[in-house]
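First the structure, in the form of structure tokens, and then the observations on it.
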């Protein structure tokens, strides 16, 4: 089945639709429908007829969905709700949220209650007519037919009311659920990024993906609870009249003995569900970290550590689910067949207490009434109570988020008489920890011009920028721009770790803002992006992968710069964008900034001190304060804080390897061909159970329980005033109760154990999947398999399968009993079943595929929400909240549209099945009235005909519901079936590697099939324990060498040999765990500092502290309250980017690898930190491979490799590549390396030459 699932992208040209297909049914279902069509659902039938003729030869697409009514537009709903919420912001409670979300659609709310009331009246009327009809068996045939017609008409009315309830109720449910999602989405724009992370981002994601989806199928049963007084009142009135007084109410009292049990277990379930969701939040959060950090996790060979942690949380969640469902088992087992044991006890009391003389008509009609009371007042109301219990938890979780203190930066009022021009920070203090010490504390005035902010790592540079843009949790003092609040002015911001949206290059720059062609071209030039775009097949229309997968570090930084420049702002805050680009580009961008600074305030945080003399002002920061400021001559003596000698400060030369031209369009609009749910899916689902043979016992127990129920009805219809009668029905009740508990328990155990096993296999398979899978699938889509799909299988699937097994068993046994009583009725049933099969064949594909479309439309919403969380700072800064809200609103309307379509088609199917069954009951009733005069046969047949149809249509719907939910299982199985990369474990080679000798022999590499070669037959050898620097321009293939060494992508030809062992013969775990890496972007995950350094608990505290001491981090960490056990969840508030990189260095120090790789690891670090890292690794007894970002760093290395177009064009000692003779005082060769060195300037060229002579032997 082909579905339109696509990577979420910002489409500035068209916000009205996600798809460009011509609309198939662009009007609401009720647009041209009269009241008659609406009541009998003929409007839906017309739509389904059109849809069926359309899809005979093709699949359903999203544009086949009908349009929801205008009044159901999320924009209208959310604006109203947000206004009301703002009025209640001082006192948000669960009850206020309930009123907010559920009572705004008062007309729908009232209509649902009215339909339910009418349904209750019709069911109670059926009980009266059934009793009267059985009593009239000896009367005139005409009178019996009159009663019979009244009986079937009331039954028909109840059918109409029941399906109107589903039709309106599910619409109401969908709108409420999406309104809650939109309110949550709107709220995140009012919070600090720090608050979002402290709330647990996984929890917020889980609220959108799992919590609200669980409410969807059960919300309508809340109305059953509200309608309970009417149903109970009518039932009580009939029993009072029927049994001549209050003794009749004893039946209700017995039925409602189950209520205290319900309340007790509902309370227990509420507690357990809350605990389950907490475990699920933690599991989803950790799984999200695993997916987003998978590349480095594989390089570190840490998969098993993450798998163990995720499985531990999954085990806790699984145990909590077992306890929760055990409560459900007891609750359902004792209450769902309460009409059986309650009626038996009631009849015994009536008989032995001589309160009333009972007979067959009284007992069977009372049993029908008890069945209604049990089904409506106990069963459905228990669903309603379960929903309310879950709703309390969801509303409480929402209350916590919605009650969070919103961004309330001080409204700085301008002093009109002393209005200062420029950006004035007065007594500014900024706190990451509200109750701790300020991270910055300063006063300063910025006038027009270019300001360089420099300082060692952790000095507060980035915190200063965060305070200015209002992203620190707490700031005091004032921030005024030309005498007014800076929030009212335009600010451009380039973050240190650029946020890239999975959209086109152009859309990432525009970021929702209107297109200005002149300004757009101007910022492309200022950001030096023209050449990059020319090298992309689709230019600025090229789609960028999630987190900028297809871009180099330099391209990401320049894209973020272009986004900031496009704001045409008054102030630009640039957090070290020049560190990621080469010398020529860096100089060009800096010159552009100098020109721009004539009319703007530009604050440039940088580690490139060589640009400092050319800036208008230099600010040196230390421990959150301004240590010195002024022109270069004023602060020169303080520069040793950053580097020992300014004259030795080198230029950066970075040539980040880029995904080549053919890969630039990695993420495209994806046409997802989903595997259909087949019999094999069900077989696999059952095989996942710990004991698949339990299915046989389940069927036996379900059938056995229904047989006992039918025997109960049979013996009542054969009632004789004998003592053994009540003993017999009492034994039947006890047997049914025992079988009830056993069958529910076995089902629950089987399903939960199967889901747990599926999850474990999923995470294991995902860890072994090739990196290309993660590169080509958005993380949100993958995460959805572990959140929403797993949640459905854990919870909803279990409850629905109870219904399917139970109702199928009831139908089979009822039909068998009915045919045994009315043999000729088999002919009627044959035609009715044939007709229902016809209905099923016409409706099945529509329902299944509309459900699949519904599921697929949720994925873009989920991805968009997740991406918004990641880019919330930029969205708020560029004031694009309204644009993103509008886009999210459109995605919400798409979800409502597909959801409406599925539920309307599903309801219409149930209605037609119910109606055809009603015709069968009409014929059967007429036959019984006209043929049978035996009261026993007559009454038993009537009761079965009256009840079985209700159960059968619900059974059919639940079967389709389960089949639709099996698509969640199918998607999880697709994760399990992913083609794995090479084996993790093969025969271990002991004591390997020992010396760290690396040899590439004719190595060819391409990233994916049918793409050009990235490495083109390269040959080189790195002698043991030598240091080699790899440089080259964009796309040269530098990082591809590392990818090949780690076998992230398998080579096509040639071999890679380390210490005389071909790495293709090694298991991936041994290979990757034997090579150390310090990445460009440090990877830190939630948990303690200890766990980040030592995930396998291999080292002692002393070893950890010794390693930290070598990086000078020990002193800083000892100051933290919990030291090594300090939580890293709020990592940005604990460590700067430079400190995070040092954490990665500590990992290398601990592991003592023989081969160490630095993948542009010091690109964003100050010179002193870079020097520290180089000093530490120079002491290692290991081979060092560095992808160079600063030529000075590799100038004293043993070898330098220059790459170009996937080939090695130069490889020798640095001095050999620079000079003809070791005694030369200047560069005398014209090699590519020599040209690069010369590009850094005359002074720095001399420094590099001098450094190259240090290691010349």
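Note: Cβ is positioned from N, Cα and C throughout, glycine not excepted.
Caution: TrEMBL annotation is automatic and unverified by curators.
Of the listed segments 266-286, 287-307, 308-328, 329-349, TrEMBL assigns transmembrane segment to 329-349.
Annotated by TrEMBL as transmembrane segment, the relevant range among 369-389, 390-410, 411-431 is 369-389. Within the model, the domain 'ABC transporter' (423-648) carries an average pLDDT of 82. Between the transmembrane segment (723-742) and the stretches 146-168, 329-349, 369-389, 810-839, Cβ pairs under 8 Å are most numerous for 329-349.
The largest share of C-beta pairs under 8 angstroms with the domain 'ABC transmembrane type-1' (693-900) comes from 110-389, of the ranges 110-389, 423-648, 998-1230. Within its own chain, the transmembrane segment (146-168) has Cβ neighbours under 8 Å at 39-41, 44, 108, 111-112, 115-116, 118-119, 122-123, 125-126, 129-130, 132-133, 136, 220, 223, 903-904, 907, 910-911, 914-915, 918, 921-922, 925-926, 929, 946, 949-950, counting only residues six or more beyond its boundaries. Long-range contacts of the transmembrane segment (109-134) within its own chain (CB-CB distance under 8 A, at least 6 residues past either end) are made by residues 102-103, 144, 147-148, 150-151, 154-155, 157-158, 161-162, 164-165, 168-169, 172, 220, 223-224, 226-227, 230-231, 234-235, 237-238, 242, 360-362, 364-366, 368-369, 372, 376, 929, 935, 938-939, 942-943, 946. Counting only same-chain residues 6+ beyond the ends of the transmembrane segment (369-389), those with a CB under 8 A from a CB of the stretch are 120, 123-124, 126-127, 215, 218-219, 221-225, 228, 231-232, 235, 238-239, 251-252, 255-256, 258, 262-263, 266-267, 269-270, 273, 328, 331-332, 335-339, 342-343, 947, 950.
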